[in-house]
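Participant: Shown below is the structure under consideration.
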Amino acid sequence: MGTVSSRRSWWPLPLLLLLLLLLGPAGARAQEDEDGDYEELVLALRSEEDGLAEAPEHGTTATFHRCAKDPWRLPGTYVVVLKEETHLSQSERTARRLQAQAAHRGYLTKILHVFHGLLPGFLVKMSGDLLELALKLPHVDYIEEDSSVFAQSIPWNLERITPPRYRADEYQPPDGGSLVEVYLLDTSIQSDHREIEGRVMVTDFENVPEEDGTRFHRQASKCDSHGTHLAGVVSGRDAGVAKGASMRSLRVLNCQGKGTVSGTLIGLEFIRKSQLVRPVGPLVVLLPLAGGYSRVLNAACQRLARAGVVLVTAAGNFRDDACLYSPASAPEVITVGATNAQDQPVTLGTLGTNFGRCVDLFAPGEDIIGASSDCSTCFVSQSGTSQAAAHVAGIAAMMLSAEPELTLAELRQRLIHFSAKDVINEAWFPEDQRVLTPNLVAALPPSTHGAGWQLFCRTVWSAHSGPTRMATAVARCAPDEELLSCSSFSRSGKRRGERMEAQGGKLVCRAHNAFGGEGVYAIARCCLLPQANCSVHTAPPAEAGMGTRVHCHQQGHVLTGCSSHWEVEDLGTHKPPVLRPRGQPNQCVGHREASIHASCCRAPGLECKVKEHGIPAPQEQVTVACEEGWTLTGCSALPGTSHVLGAYAVDNTCVVRNRDVSTAGSTSEEAVAAVAICCRSRHLAQASQELQ
C-alpha cells in the first residue's frame, strides 16, 4: 500500500560510495536505470550543511502524526508542513537543509513535491530514522506520515431529492447548475460515454500509487469505473442530478480505487492554482474518498474552503464514526452519509455508511444507476457514500447556479434547512451516536425565491470531553455564522454547565465536566444573522438572594440564548438558565451559586419570544418547537434538576433529556420543562412576503 511499488533499504554513506567505486561506470548506469525515480537523491558535504545553517526557533515544538489504522500507513513518505507565513523560498531552503543534514548522517532523501499556493511545506521520501532531525528544522509546524485513501463505492434517487411540486414523469430540476464547475478527484474517466460526453474535461493531473500485486491487469473498464459512474451521477444527461454542470476530473485514485493523502493534497493544490490562474464562477470539489484521520488533509481542505471553494466528501463506508476519517472530519467540508430508497442507512455487507457529529446530512447511496465504463452506452448500479456525496455535489451546483454569491456557510445552512427531517430510523446507529447523527436526507429547495429572507440555524456538537473533573469540550461555529446560544449534554448527568466565551476573535461554546462524570458535550446553535451585533452578558454567582439574574440591557438587543456554569459539584434542585418574561425584559435566571450568561443580539428587525412546555411528572424527554416562520435559537431546561442530562436543539425543536425516570428516583416536585427561544426578522419576513 505504498506510493512506490517496492521498498528500498537506506545504505550508510561510506558503504554506498564503496559500492559505486566497485561497480564502475557500467554498473552505475545500470543502477541509475533501475532507480530512475531516485534521480534527485542528495549526497551533501558537511560544508554545504554548515552553509545552510539557520538559528533554531526557540519555544516551538513540532509534532508528528500518523494514521491510526496501521494497514493504511505508508512509512517512508512524509508531508512536512511549515508554519503558515513561510514563503516558498524558505520551504525550498528547509527541504535542502533536511537533505544536507540527512546525507551527513549517511541517509539518502528525495523531495517529491514542494507545496505552495495552498499550504507551505514539502513531500519527502526518507527513512523514519530522520524524523527527529526533521522535527527540529526551522519553520516546521508538524510532520505527517503519508497514508492511503480509498474510493467509497461498493433511479429512485432522483425522485427522492426532488420536492413534490417538481415531480412528474421525469426528473426536471429547477436549475441545471450551468454556472458551476465541479472538480472530481477520483479514478480516470471514460469521457466519451454518452452520459457525460462534452460535459467532463479530463485534466492532465495524475498522482496515484502503483497497484498492489505484480499480476494486476489494468483493464480500462475497471480503471475508469468509479470516476465515470460518479461523473454521471453529478451531471449525466439521463441519470445526473445537475444536468447543466460542467466537470473537470483529476486522477488521484488508481485502478484499484486507492490513492494517498499526499496525492490528494497535490490535487487540491492543483485546483487552487487553477482557480488563481483562471477565475471562474462558483466551484464545487467532490472528494468521493476516505482515509484515516489526517491533520494535513483537513488543513488543506480548510484553506481551499476559505478561498471560496465548496468541498463535498463521502462520510466513509466503514459503519464507524466519520470523525475518525479524513476528509470527512474537516469542519469546512460538507460530509455526506448514505441512505437507501426507504431513507434508511445503507448497509454494505458487514459495514455501511459512517455516522456521527461530523456528518452534515445523508443522501441516496444504494443501487444508484449511473454511467458504466464497460461501454459508451452502458449503465451500472453502484452503492456507497461516494454516490451520496455526488448527489449533494449536484444539488450544491444547482443552488450555487441559482445564487452564485452564496457562501459555504449559507449553502450548508440551506442544504440542512431544505432536507427531509426525521425520516431515518435511528436504531441502526450505535446508541451513543444517535443524538449526534443528523436525521436529514438531502433534497432540492422547492424554490430559491425567498430563501435568503429566512433565519437559518444549525446545531453543532463538540467532540466528547475527557472524564476528568476539569475536562471541557468546545463547539465552534463557522466564520460566517453567529453563535446565538450554548448548551451542554452528559449521558451521566454529571456536568457543571456551559458558557459562551471569546476565543480567537469569535465566540465559542464551552461545556464543563463534573467530578465522577463520564465526559460532556458542548452544543452550539450557529445561525446566519446578517448585520448582527452580538455580545454576552454575565452575572457572577449571587452573594445573597435566591438566584442569579442577567438580561440584555443594551437598547435594541434581544435575548437569543442563556447558559450557566457552576463550580460546586451538585446544586441540588437548581435553576440553570431559564427565562422570566413576566413583568421584566426576558432574562436568564439561575442558581445563586452559578454564573449566568445571556446571549444578546441586535440585527435589523430581529425579534424573539419564549416558548415553554412543561409536564407534571418527569419523563425521559421533553420537547417544545417553534412555530412556522420562527427559528429556534436557544434551548434550556426549567427548572432543571440533577437528573437533567442536558438540552439541545434538533432542527426547530428544543429537546431536554432526563435520566431514566424508573431508576432516577424523581418526584413530581422535580418536573421538567423545555424552554425555547424562537426568533425571526420582521424586516426580512416583510421583504419575503413582498417578493411572493
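Using the three backbone atoms N, Cα and C, a Cβ is placed for every residue, glycine included.
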Participant: Determine, on the basis of Swiss-Prot, the cysteine among C378, C526, C527, C534 paired with C457 in a disulphide.
Facilitator: C527
Participant: C635 has a disulfide partner in Swiss-Prot; which of C608, C654 is it?
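Facilitator: Candidates were C608, C654; Swiss-Prot matches C635 with C654.
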Participant: Need the cross-check against Swiss-Prot: the disulphide partner of C601, picked from C534, C552, C562.
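Facilitator: Swiss-Prot lists the disulfide between C601 and C534.
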Participant: With reference to Swiss-Prot, specify which of the listed residues C552, C562, C626 is paired with C588 by a disulfide.
Facilitator: C562
Participant: Including all protein chains displayed, how many Cβ atoms other than that of N533 (N-linked glycosylation site) lie within 10 Å of its Cβ?
Facilitator: 13
Participant: Tell me, what is the mean pLDDT of the domain 'Inhibitor I9' (77-149)?
Facilitator: 97
Participant: Quick check: in three-state DSSP terms, what is N533 (N-linked glycosylation site)?
Facilitator: strand
